[in-house]
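A.B. asks: So that we are looking at the same thing, I have put the structure below in structure tokens.
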Amino acid sequence: MSYNNKSIKELHELLVNKEISALELTKATLSDISAREPQIDAFLKITEEKALQDAAAIDARGINPDVVTDGISIAVKDNIVTEGIETTAASKILGGWIPPYNATVANKLSESGLITIGKLNMDEFAMGGSGENSSVKPTKNAWDQTKVPGGSSSGSAASVASGQVRLSLGSDTGGSIRQPAAFNGIVGLKPTYGRVSRFGLIAFASSLDQIGPLAPTVEENAQLLNVISGFDKNDSTSSNVAVPDFTSKIGQDIKGMKIALPKEYFGEGIDEKVKEQILAAAKHLEKLGAIVEEVSLPHSKYGVAVYYIIASSEASSNLQRFDGIRYGYRAQDIKNLEDLYVKSRSEGFGPEVQRRIMLGTFSLSAGSYDKHFKKAGQVRTLIINDFAKVFEKYDLILGPTTPTPAWDLGARVDDPLSMYLADLLTIPVNLAGLPGISIPAGFADGLPVGMQLIGKRYDEETIYKVAAAFEATTDFHKKQPIIFGK
């Protein structure tokens with residue numbers, strides 16, 4: 001029997017009432033995975049034996065009635081370090097690496113009774129927006145297996161949308177949770193920078209990376225954020241701002257709330273059908289009592305250029321640690337130390353990772369630092385100031401998550417620029433360190449369209465409040481791809 005259509009609250013009730021054991025639920029989840037995974041390719045590793053052991057241990061101690069996640073399965077993006085379980089960031093250069101420690105979020109999952117059932121596919125080192133940059137295999141979209149699932153958290157979104165797992169963790173550097181969530185018709189949140197510990201997240205761009213939750217509904221997403229948030233002394237960028245109950249405002253009236261609609265988010269390059277769905281969603285929020293007004297974020301048009309200079313520069317520095325010596329892939333038939341470095345990195349990194357390392361190295365070079373990297377930092381400040389100005393008057397910002405619905409697999413592989421522009425609407429949120437969510441808001445040609453809600457720093461509660469109000473009065477989140485019911 002499959003339980004993939006039940007919320008974690010409903011599953012928890014079954015567990016507490018002993019209508020099902022954690023072991024039985026885990027076996028049912030493994031069965032859901034084996035039925036759907038061959039068509040989706042969301043997983044890099046399924047940790048069946050450990051998951052069953054963990055479930056049996058939970059049954060032996062008894063389900064905690066006060067912890068809604070106790071005994072529930074979750075899958076984790078493969079750039080989140082898991083002790084004793086191979087972690088590769090979908091890269092050949094980390095093939096076979098078994099971490100000797102857990103990421104802070106991995107510890108938090110097990111402390112809250114969540115059972116990690118596997119590691120999820122992704123774009124290599126989280127660099128990509130389609131899921132096609134994995135060195136292992138491309139993940140497929142849950143709604144149409146000829147389409148991309150989005151990236152870089154491709155497996156995180158597709159595994160949830162296809163009914164394999166109820167919850168997953170991803171990471172978001174320029175849209176890598178929100179964009180695949182939009183393409184697969186689920187809920188994905190990038191928390192405020194510093195809200196969730198990055199200790200044990202394989203670094204891409206350290207001033208932008210953030211771990212976040214993916215789930216079928218707003219409430220489940222908030223319940224998972226409750227688990228993973230909080231200060232961590234192991235992460236120097238972790239914030240000790242108090243962690244609220246992120247579900248506390250769900251169900252509240254949104255009457256009188258002020259929502260900003262940036263005109264730049266509806267301009268050139270935005271698909272007409274996507275625009276139509278998002279403007280209809282804005283009208284719907286007005287019917288619920290919100291005040292929606294047009295605003296301007298004038299510097300957002302520079303976001304993509306700024307991001308690719310800053311992110312690539314940080315990646316160029318972060319990825320120097322993969323050298324073929326300490327761990328991971330090591331080239332054979334080498335002549336000397338320099339040859340070892342060159343061959344290991346050339347053979348171990350995929351083309352997109354190499355492209356970004358080169359771009360970052362160039363941006364940091366003596367002749368380019370002031371002209372590119374320093375200037376990008378200055379424009380980043382202007383983008384931050386734009387948001388701050390809007391938030392003086394408004395509670396939230398609303399727009400599309402992506403300019404288009406999911407495109408065909410292979411369509412943009414040889415066109416990195418068009419791939420980069422797909423993150424046009426999500427990137428500014430990372431540059432400003434703000435929280436942002438994508439929720440299902442309609443369909444275009446049978447493919448999901450995501451609406452993005454952007455909030456003030458550390459105000460994920462308000463995002464969830466408005467997202468839940470929209471979800472409760474629409475049916476988009478109830479629609480499921482064919483594969484879900486198989």
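Placed from the backbone N, Cα and C atoms, the Cβ positions cover glycine too.
Note that the structure is a prediction, hence the values are computed from the model and not measured.
Swiss-Prot lists these features:
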- LYS77: active site, charge relay system (ACT_SITE)
- SER152: active site, charge relay system (ACT_SITE)
- SER176: active site, acyl-ester intermediate (ACT_SITE)
- 132-144: compositional bias 'Polar residues' (COMPBIAS)
- 130-158: region 'Disordered' (REGION)
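Looking at the shown structure, can you explain where the listed features end up?
C.D. replies: Around the Cβ of LYS77 (active site, charge relay system), 31 further Cβ atoms fall within 10 Å across all displayed protein chains.
Under DSSP, SER152 (active site, charge relay system) is assigned to coil, being neither helix nor strand in the three-state scheme.
Non-local contacts of SER176 (active site, acyl-ester intermediate) by the CB criterion (under 8 A, 6+ apart in sequence, same chain) comprise ASP123, ALA126, GLY129, GLY151, SER152, SER153, GLY170.
Secondary structure by DSSP for the compositional bias 'Polar residues' (132-144): 0 helix, 0 strand, 13 coil.
Long-range Cβ contacts of the region 'Disordered' (130-158) within its own chain (Cβ-Cβ under 8 Å, at least 6 residues beyond either end) map to 39-44, 75, 77-78, 88, 90-92, 120-124, 168-173, 176-177, 179-186, 188, 214, 350, 352-353, 402, 406-413, 419, 422, 446-448, 481, 483-484.
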A.B. asks: By the DSSP assignment reduced to helix, strand and coil, which category contains LYS77 (active site, charge relay system)?
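C.D. replies: It is in a strand.
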